[in-house]
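Asks: One structure coming up, written as structure tokens, with questions to follow.
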Amino acid sequence: MSVAKLTRPQWLYATAITFLTSSIVYESYTSNKTLLSMMDDRLNLFIVANGVALGLWFVTKLVIFVLLGQLHESESGDLVSMMLPMIAESLLTLTLFRASITPQFSICFVLLMPLKIMHKTLTSRVERLSELPTPGPTVLAHARVALTSLALAATDIASLYLLFTRQTSFAARLVFAPELVLSVIAVINSGLLHLLTSYTQASTSSLEFPTFPLRNLALVIQVIDNSLRCAVHLPALILCLRDYGLPLHIVRDAYLTSKNAHAAFTQIQRSRTASMDLDKLLLQNNLLFDEQYEEPEHSHVASDSAASDEEADLTCLVCREDISPDSFSDKSSSPESPALLPCGHLFHLQCLHLWVERQQTCPTCRAKIRPASPGSVPMSVAITRSSSGIPIKRVPSVGS
């Protein structure tokens, strides 16, 4: 949420913490005491910690606004939802490494929080842009994502370089090295997904519907991403168990990443099988409107009222977009080509492929989508057209 959208209690909290933190800093300056010595008082420590967290939050929001612009409501919701797990993970980490905490360790740990927030914001932005309809994001949106990705990647790599070239403790390397490596992986993953989405959105109108590898490349990237994350978590888990104890936050992350990798791999297998079954079904029953289709000689011309009712069915229920009448005469299997299921419902070819990768039923009537068994009688479809030549009715019938 932006500064302008803070509620009254949030404004009161921010004002009070700012005033109290400023008072402690001023007292430290006037009494010739160091700020660290004043942290011996737990109340002062609590106030300053809240002040630092509040300042970092506003600075992070400002940097995000400069790099990515105004956040969408869904992106702000993602940020809020990640705060509680991130705080819990931070507390578990500090508890596990409490004997190795130094002022330098504390500063680096605090600075790691806004970096993780910015990575999460970039991931949310890429996911939101991938859901935009054709023609997709603007050039400015692409530029913002590219600039933010480069800035975060440079920051992560520079931090890793400093971590291993300076005199840092083993605990600091064990805590920050996996986090920075995971951040680099996250940036690469977001960049690849953004490039894939941009390519798909830009080529949808000019290319035929992509083959299985291209349609499922996002899932392949997800499998690789989660596999790399597991490879990073495993040595960190072993080292923590050897020297410090059971790292619950690493165990949780390793479990979630392995679970996500398995789910993505299973989805690839299921979507490949479903897509191949759909291709077989459309091929067996000649349900694509291509050169094999011609209007029956004795077609029924409905009345104007009936035609208007049936023409309203020429809407793909998957994308909620109208099916163009010109696409019925298109001889190529483009993404906008209409595809007809045996149950008589019509969809865009692209939308139908995307649907069956998740659900193997008709989006309208939930009839099972499966290729005909060997020896079964193929189906043909009689098309009823209006006076304008637009198909207005789809009647499955048994072919001779």
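Using N, Cα and C of the backbone, Cβ positions are placed for all residues, glycine too.
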Asks: For the transmembrane segment entry in TrEMBL, name the matching range from 12-31, 92-111, 152-171, 212-231.
Replies: 12-31
Asks: Could you check whether the transmembrane segment (43-67) and the transmembrane segment (176-196) come into contact, where contact means at least 3 Cβ pairs under 8 Å with the two residues of each pair 6 or more apart in sequence?
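Replies: Checked: the transmembrane segment (43-67) vs the transmembrane segment (176-196), no contact.
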Asks: Do any residues of this chain, six or more beyond the ends of the transmembrane segment (12-31), have a C-beta under 8 angstroms from a C-beta of it, and if so which?
Replies: 6, 38, 44, 47-48, 50-52, 54
